[in-house]
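Structure first, then comments.
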Amino acid sequence: MEDFLGENPHNRLIKELVEGKSFTVQLQTLLKQPNESVLAEELIRKIWGSFTQAITVLNSLGNSDNSLTQGQIEEVDQPNSGSELKKKKKEKQDRRGCYKRRKTSGSWMRESATMNDGCAWRKYGQKKILNSKYPRCYYRCTHKYDQECRATKQVQIIQENPIIMYHTTYFGNHTCNPTKIPKHTYNNHAMVKHSDSTVLKEEEEEEESKGQSDNASSIVDSNLWQDFMPSSPSAHDSTMAANYNSSYYEEIISSHDMEDWAKFGEIEAIEFC
């Protein structure tokens with residue numbers, strides 16, 4: 001800065017403030033262009049110097065009780081160098097695709113062997129985590145819209161052996177009337193399936209047993225009726241029956257007195273087949 005000794009303090013103050021404003025406009029334009037960190041650093045130093053001179057002028061014009069001491073002026077931080085600006089800017093930039101959740105005091109974590117915590121949740125998304133085998137799942141309270149409950153949680157598997165362990169991070173407390181979930185919902189569902197299959201198996205066994213019983217009854221009935229039903233006569237049976245009938249009638253006729261037959265006329269011959 002030029003030495004303004006002998007210059008009107010009022011004009012000097014105005015000039016310093018105008019220069020500071022001009023440097024600020026230049027810096028704003030420069031920040032929109034890439035790879036101009038050296039010029040930006042120089043402008044920052046000029047702006048800082050202008051305001052320092054303006055404060056010095058005010059101290060010389062004002063009452064000594066209200067003026068700023070030199071120590072108070074030096075408390076104002078020196079402008080950072082270009083390398084420091086780059087470093088801070090780089091620290092603020094997150095990796096692509098990564099988002100930092102706003103830090104809140106109402107968050108806590110827990111690790112457990114189950115995801116069930118007794119509250120009603122609805123999953124609204126999941127994301128693959130870098131260097132992690134398992135994705136992170138995002139849940140919100142089921143009553144977010146009907147009761148405006150803002151409670152959320154993030155769940156991620158952290159191990160599988162010897163048992164599955166879940167790492168859960170909660171954000172915010174429930175402000176709704178929580179709907180309790182049965183602790184054994186999935187087990188009961190499995191048990192219902194098992195019961196249904198058991199009943200079905202018992203019914204199949206009963207039908208199979210009934211079918212075997214019906215077959216046995218039909219076999220017994222057919223054997224029983226065969227004793228009462230006449231069977232088709234064989235050739236031998238037909239011959240025996242013919243001989244039996246012939247001898248039977250022959251005995252009947254021979255047992256009568258042939259004289260009794262004479263009154264019906266002369267009988268020349270009787271042949272018995």
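For all residues, glycine too, the Cβ spot is worked out from N, Cα and C.
Remember, it's a predicted structure, so these values are computed and weren't measured experimentally.
The annotation DNA-binding region is assigned in Swiss-Prot to 110-179 on the grounds of sequence analysis. The region 'Disordered' annotation in Swiss-Prot covers 76-103, 195-217. The motif 'Nuclear localization signal' annotation in Swiss-Prot covers 88-95.
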Please spell out the DSSP helix, strand and coil residue counts for the DNA-binding region (110-179).
0 helix, 31 strand, 39 coil
Do you know the mean pLDDT across the motif 'Nuclear localization signal' (88-95)?
54
